[in-house]
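*Asks:* As listed in TrEMBL for this protein:
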| type | residues | note |
| --- | --- | --- |
| REGION | 68-97 | region 'NMPbind' |
| BINDING | Arg74, Lys95, Leu96, Val97, Gly122, Phe123, Pro124, Arg125, Gln129, Arg192, Arg203 | AMP binding site |
| REGION | 158-195 | region 'LID' |
| BINDING | Arg159, Val168, Tyr169, Thr233 | GTP binding site |
| DOMAIN | 159-194 | domain 'Adenylate kinase active site lid' |
Amino acid sequence: MEKVVATSRQDTYSPIIKPIEPATHTNLLWNFQMLRKAVRAVILGPPASGKGTISKRIVEKFDFVHISPGDILRSNIEKQTKLGKEAETYVKQGKLVPNELIIKCMTEHLKEVQNKSFLLDGFPRNVAQAKSLSTIQQINAVINLNVPHEVIIERIEGRWIHLKSGRVYNTGFNKPKVPGKDDITGDDLVKREDDKVDIVAERLKIYDAMIKPVLEYYQQSPGLIATFKGSTTNEIWPKVEKFIVGLQKSLVKAEKI
């Protein structure tokens, strides 16, 4: 299930949906060949692990489509689509959007992405979602970020937010030019209510319990999961970049066989 938050996020990408072309023998063959070469990846990582930054770099470096259920649901709510209206009834009550609605949302969107390489961020969150995903698209990579909890807690302790823009600062590695002030507007920076140590520790505990069955499910396919350990995004990113380059080469090579 997915909780949709109305506040803006700095690392949010607009879903890229292209019109579906009429099916012909030629473009069906071309789509099949391109699909074999496309990277269809899931990225997993605990809160404040740098997943948003890594996702952004993957999208920009490799021209992947970034797919997030939260972004898609927010877009549908804004446009007041049928799916958006259904999701909005839960959001207004402060409830999690049900599994069935999330799966429906992702199913419709993935069918429209067609043969482009994509990165799933925030889906799947449980085994039911992972199994549903396998009936829609065959994933060929699970990028799992492994950042020590103590590092995450320390990182969050130093995090400050500019509410209006979503800009994020950190007193440890991304300090504002003027302490306590946003670099662009000069507005006061604030601490998020859920950035308290005890709350963060509980969120990490919940994440571990939630994602463990998903990892166990994907471990049934040898070589599918690639785990990247590190304490900073700059430490992890070169490893992820190298992995994706290697994956793309192996997919092209396999297509020629």
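Here the Cβ of each residue, glycine as well, is placed from N, Cα and C on the backbone.
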*Asks:* By DSSP assignment, list the helix, strand and coil residue numbers for the domain 'Adenylate kinase active site lid' (159-194), in that order.
*Replies:* 0 helix, 12 strand, 24 coil
*Asks:* If you measure Gln129 (AMP binding site) to Arg159 (GTP binding site) at Cα, how many Å is it?
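*Replies:* Here the two Cα atoms lie 32 Å apart.
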*Asks:* What's the CA-CA gap between Thr233 (GTP binding site) and Pro124 (AMP binding site) in angstrom, rounded?
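*Replies:* Rounded to a whole number, the Cα-Cα distance is 22 Å.
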*Asks:* Among the binding-site residues Gly122, Pro124, whose Cβ has the fewest other Cβ atoms within 10 Å?
*Replies:* Gly122
*Asks:* Quick one: Cα separation, Arg203 (AMP binding site) versus Val168 (GTP binding site), in Å?
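*Replies:* Here the two Cα atoms lie 19 Å apart.
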*Asks:* For Arg159 (GTP binding site), just count the other CB atoms lying within 10 A of its CB, please.
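*Replies:* There are 18 of them.
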*Asks:* With DSSP, how much of the region 'NMPbind' (68-97) is helix, how much strand and how much coil, in residues?
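*Replies:* Its residues fall into 22 helix, 1 strand, 7 coil.
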*Asks:* To test your reading of the GTP site: which residues beyond Arg159, Val168, Tyr169, Thr233, same chain only, put their Cβ within 8 Å of the Cβ centroid of those residues?
*Replies:* Arg155, Trp160, Asn170, Phe173, Asn174
*Asks:* Using the alpha carbons only, what distance in Å do you get between Pro124 (AMP binding site) and Arg159 (GTP binding site) once rounded?
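*Replies:* Their Cα atoms are separated by 27 Å.
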*Asks:* Quiz question: given the binding-site residues Leu96, Val168, which has the greatest number of C-beta atoms lying within 10 angstroms of its own C-beta?
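*Replies:* Of the binding-site residues Leu96, Val168, the highest Cβ count within 10 Å belongs to Val168.
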*Asks:* Looking at the domain 'Adenylate kinase active site lid' (159-194) alone, can you tell me the average pLDDT?
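*Replies:* Summarising the domain 'Adenylate kinase active site lid' (159-194) by its mean pLDDT gives 88.
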